[in-house]
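Let me begin by presenting the structure, written as structure tokens, before commenting on it.
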Amino acid sequence: MSSGGNNNTKAAARVDAARRVAIFGGTHGNEMSGVTLVNLWVQNGAEIQRKGVEIKPFIANPKAVEKCVRYVDTDLNRAFTQENLSATGDDELPYEVQRAQEINRMFGPKGSAGAYDVIFDLHNTTSNMGCTLILESSKDAFNLQMMNYIKKAFAPASCLVLLNEHPLLKYSTSRSVAKHPVGLEVGPQPQGVLRSNIFEAMRVILKHALDFIELFNEGMEFPACTVEVFWVLERMDYPRDANGNIIAMVHPNLQDCDWEPLNPGDPMFQTFDGKSIHYQGSSTVYPTFINEAAYYEKQQAFVTTRRETLVASAVRKA
Amino acid sequence: MERAAVPPLSSVAICGGTHGNELTGVYIVKEMQKQKTDKVGSVSITTVVTNPRALDAGTRYTEMDLNRCFTDVLLSSPVTESSPYELRRAQELNAQLGPKGSAEAVDLLIDLHNTTANMGLCLIFYSIDWITLHIYKHIQNKMSSVPVRAIQLDIPISDAYSLESVGKHGFAIEVGPQPNGVLRADIFNMVKEAVDLTLAWLQEFNSGRSYEGGTVEAYTFVRSVDYPRDSAGKITAAIHQDLQDNDFKLLRSGDPIFQTFSGETLKYDGEDLYPFFVNECAYYEKKIAFHLAQRKTFSFPSIRVKKD
């Protein structure tokens, strides 16, 4: 990916065609849009067929799906570390570590030439994030071009891009097994609940994503473009007492305000006896994942981001 | 209607965490315990986190739904160490706050719940009780920026299965929409206000203030509707966008209620009724997509505390 200059004079970056694509639902067993869509497509995959590419719908965590819980032993979407993937112990390993190794065998190995080209991982959040695409690298031109295509196709409806590239906060997702990992996160939706509007939005976004892949594989060149991303900065936990119990809630002024500017001095938390706690940062940030149910145990009330415009070089099938 | 004289209500129980993932009640109760709130004027207050195991696990229940364990039959059934946790816990709570139907029971039991349905603030109760209707009317008048409604379950007390039936008077405060495992400040503030208003009302009532009668509208449960399912029992449709979030909006024959995954609209066929608990997470396993209710007007008399 180029960082400046006149991209129109440079040749397009050549990227291998995406011949093997997977769609994961149920990485978290209680995020119902992905579970429902993948189950549908496993039964009848006509809607997700595209020329020149094999597309596999897949339930990532079937035990968690059956119990309608996020995970059984440990969060599958944090389990794809090198340590876990090479761990020995078979049946003694936590279920999700065993599952991660199996997924790595089926769709990886992670980091190798034989790994799947693209994995779409379907998620829901209790946060008011709307339609969000999650990237892990600022340098993947193929993925950036896909984001650009999806955003334009989905307009005027909004689809934002969250970039989770951060040395400390980045985590080892199930989709990270593929060469081009793409997260789809749609909310707000309670865990265990299927909302029709959320389900349909995810379905449409995926349709555009697969259309992009088909066009790319047919040889279309995608000219250089810019993509606005929200780049992860910092995790903000709830205020807690000495025993680790939360002592405040996300403030009503911040609740549901994902992607809106949070300025120094703005209310951030409200204690149970009604006092406000204010944001102490030195500059404006853009919070997201505000009040996600699953993050209370991960010590996160919300995450801050900065807005940045990335430049994606032109791409074309190799 | 003539004025009714009712004995003072001097003991109140405020309960939270009957479902361990409905967080508002948990934190209301914990804050009251932290502030050591055990008395408000003439009213003594007991606060209880009713299902601590489910709260620790972050689940609705561990073995069975605690809020279905309070029928007379279940409360008197023999239990052993190997009986389901919630069944044993229900009998413990009945001993602490009841016994149900006896003179020792708390005067008023308020159980705090959340729902994923867009129901605003609802008081749920079994019997048409003057105290409950007066409190409902009071909360509705004072909290004018929030939709406040009442739901009556027309079930005899012996068959009443939920915790609030243990008190001499009782109601649940059910507030949504809030996802399981999430604590929203706006909902917390709303429920705290409703609890504070109730305690203030009781104090005034006990000290002799007279309250004028009137009428209120309440919804009476009629029946429930399940999701369409295939032969394997799997759900084949989602609540239609026209019905989603429209709890208490009158449903008429021909109105869309479900959208199948293949895009077909399924319509309601039946008498005009009001839907509620639309798309409540916990009800998927109970085979309920939504409940239907009639709306009725109840009149209630003026009341004043009975002086001995």
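Note: Cβ is positioned from N, Cα and C throughout, glycine not excepted.
As written in TrEMBL, here are the features:
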ACT_SITE  B:Glu174  active site, proton donor/acceptor
BINDING   B:His19, B:Glu22, B:His113  Zn(2+) binding site
DOMAIN    B:10-198  domain 'Succinylglutamate desuccinylase/Aspartoacylase catalytic'
DOMAIN    B:215-294  domain 'AstE/AspA barrel-sandwich hybrid'
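Straight-line distance linking the Cα atoms of B:His19 (Zn(2+) binding site) and the residue listed as 'active site, proton donor/acceptor', rounded to a whole number, equals 12 Å. In this structure the alpha carbons, written CA, of B:His113 (Zn(2+) binding site) and B:Glu174 (active site, proton donor/acceptor) are 5 Å apart. Working note on the recorded positions B:Glu22, B:Glu174: by count of other C-beta atoms within 10 Å of each C-beta, B:Glu22 ranks first.
Neighbours of the Zn(2+) site: apart from B:His19, B:Glu22, B:His113, residues of the same chain with C-beta atoms within 8 angstroms of the site's C-beta centroid are B:Gly17, B:Thr18, B:Asn21, B:Gly25, B:Arg60, B:Asn67, B:Leu112, B:Asn114, B:Thr115, B:Glu174.
A Cα-Cα distance of 10 Å separates the residue listed as 'active site, proton donor/acceptor' from B:Glu22 (Zn(2+) binding site). If you average pLDDT over the domain 'Succinylglutamate desuccinylase/Aspartoacylase catalytic' (B:10-198) in this model, you get 97. Mapped onto DSSP helix, strand and coil, the domain 'AstE/AspA barrel-sandwich hybrid' (B:215-294) counts 3 helix, 34 strand, 43 coil. Counted within 10 Å of its Cβ, the other Cβ atoms near B:His19 (Zn(2+) binding site) come to 26, all protein chains included.
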